[in-house]
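Participant: Just lifted these from TrEMBL, have a look:
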type	residues	note
BINDING	Ile61, Arg62, Gly103, Lys106, Thr107, Thr108, Glu169, Asp170, Phe171, Arg212, Tyr222, Arg259	ATP binding site
BINDING	Thr107	Mg(2+) binding site
BINDING	Arg351, Arg356	DNA binding site
COMPBIAS	23-35	compositional bias 'Low complexity'
COMPBIAS	52-61	compositional bias 'Basic and acidic residues'
DOMAIN	92-223	domain 'AAA+ ATPase'
REGION	1-61	region 'Disordered'
REGION	223-293	region 'Small ATPAse domain (RuvB-S)'
REGION	296-380	region 'Head domain (RuvB-H)'
Amino acid sequence: MAIISSKKQPNDRDKAAAPADKVSVMAQAVSQAVSHGKPEKTTILQAEPEPEERSKQEEKIRPQCLTEYIGQKDLKDVLDIAIRAAKSRQEPLDHLLLYGPPGLGKTTMSLILAQEMGVKCKIASAPALERPRDIMGLLISLQPGDVLFIDEIHRLAKVAEELLYPAMEDFRVDIPLGKGKSAKMQSMSLPPFTLVGATTRVGALTSPLRDRFGLIQRLRFYEIDELTEIVLRTAALLKMNITQSGGEEIARRARGTPRIANRLLKRVRDFAEVKAFREIDRDIAAEALQLFNVDPCGLDWTDRRLLSFMIERHNGGPVGLETLAASTGEDAQTIEEVYEPYLMQIGYLSRTPRGRVATAAAWKHLGYTPPDTHQMTLLP
Ligand SMILES: Nc1ncnc2c1ncn2[C@@H]1O[C@H](COP(=O)(O)OP(=O)(O)OP(=O)(O)O)[C@@H](O)[C@H]1O
Ligand SMILES: [Mg+2]
């Protein structure tokens, strides 16, 4: 059976069959990664989409309906009920706020909701709705029942947010006629619609906006078995040959995030293609991801640097966020929003009122002996 889109049918593990240019690109990447004894920073594990991940091929692997959407059982149960109830009443869904770290499936879920309701989904990003007429134009163009998806909704400008209030509550938009104090408001009614807001920072939403959502749902990091299912599903769509354990190996390193899982799978595919392996198994997946400096727990160089700094210089912590940022050269917000959520999720880091603490599991993972486990658990 042909695997990975390679046109050749090479012999099993026939390394000589690898095209020279691809090998040299890969070798260059590796040598860069290990130069000066210090691996370069990698973006492979960042959950934000890369430009090519907005392409048509990405749309092909995006789940299209609720049954294809893997994991997030609680969220799916809630939405399944909401969809059935709304359909039976022939009403649009209640406004929905989805929050959680990047790459967990917020945009995907909103497209699925529209699909399940049999309506269109209009997608906008809050920073692009700068002027009142941007949001007004969008609202006026809605058809009955449509889903309006606003990404990064915590970044909505104040004027745009205020225009949304009556639209969400009464399906009405107030258009100012004239300027200054003499301006009059003309109300225009809108068809009933569903606003789906997505945010990675729910705490940054104003409470009047948050309160106008009937459903507020959090997306969680995915479990290994769920991510394995996602990897195997994507591999099937991309016509790749991969074993269950190969899928699991990729899943384990994907930081609980489907977008990263799919990205790692593609890098493993490149590796297998270049090395002319016919099937991706656990060893091949591990070897490929090691090359990209992704360790067996999905930590990259920055994660390890943050933890090593806490362990080596502060005996595990507590260390203040600003100290951590200044000493490692990372931006405090990036540490807080990109690195910490996953490190906390896998139990390698905890936040205390006095600062960040590297847990005993983190010490062990990095090859250090934790001081006294009993003493560590007593830390505030
Ligand atoms: N539950 C899932 N099952 C299968 N694949 C998924 C699932 N959730 C997400 N994906 C895949 O992961 C990719 C990223 O998902 P999506 O774009 O919906 O994330 P997001 O939460 O909107 O991210 P961001 O916060 O960056 O906007 C999608 O292209 C999709 O293929
Ligand atoms: Mg999105």
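All residue numbers here begin at 1 and follow the chain in the order shown.
Here the Cβ of each residue, glycine as well, is placed from N, Cα and C on the backbone.
Remember, TrEMBL labels are computer predictions, not curated facts.
Help me see these features in their spatial surroundings.
Facilitator: Other Cβ atoms within 10 Å of the Cβ of Tyr222 (ATP binding site) number 25 in total over all chains.
Mapped onto three states, the DSSP output places Thr107 (ATP binding site) in helix. On its own chain, Thr107 (ATP binding site) has Ile123, Phe149, Asp151, Ala198 as residues at least 6 apart in sequence with a Cβ closer than 8 Å to its own Cβ.
Long-range Cβ proximity for Arg356 (DNA binding site), meaning a same-chain Cβ under 8 A and a gap of 6 or more residues, is found for Met310, Gly317, Pro318, Val319, Gly320, Leu321, Leu324, Glu340, Leu349, Ser350.
Over the region 'Head domain (RuvB-H)' (296-380), the average per-residue pLDDT in this prediction is 89.
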Participant: Identify which of the following binding-site residues, namely Gly103, Thr107, Glu169, Phe171, Arg356, place a Cβ less than 6 Å away from any atom of ligand 2, and list them by sequence position.
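Facilitator: Near ligand 2, sequence order: Thr107.
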Participant: Considering all pairs of residues in Ile61, Arg62, Gly103, Lys106, Thr107, Thr108, Glu169, Asp170, Phe171, Arg212, Tyr222, Arg259, annotated in the record as contacting ATP, what is the maximal C-alpha distance expressed in whole angstrom?
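Facilitator: Per the listed residues, the maximum Cα distance equals 37 Å.
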Participant: Return the members of Ile61, Gly103, Thr107, Tyr222, Arg351 (the binding-site residues) with CB less than 6 angstroms from at least one atom of ligand 1, or none.
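Facilitator: Only Ile61, Gly103, Thr107 meet the Cβ criterion.
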Participant: Could you measure between Gly103 (ATP binding site) and Arg351 (DNA binding site) for me? Cα positions, answer in whole angstrom.
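Facilitator: One finds 23 Å between the Cα atoms of these residues.
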Participant: For the region 'Head domain (RuvB-H)' (296-380), DSSP counts of helix, strand and coil?
Facilitator: 47 helix, 9 strand, 29 coil
Participant: Reduced to three states, what secondary structure does DSSP give Phe171 (ATP binding site)?
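Facilitator: Note: Phe171 (ATP binding site) is coil by DSSP, not helix or strand.
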Participant: Return the residues near Glu169 (ATP binding site) by Cβ distance under 8 Å, restricted to its own chain and a separation of at least 6 in sequence.
Facilitator: Arg212
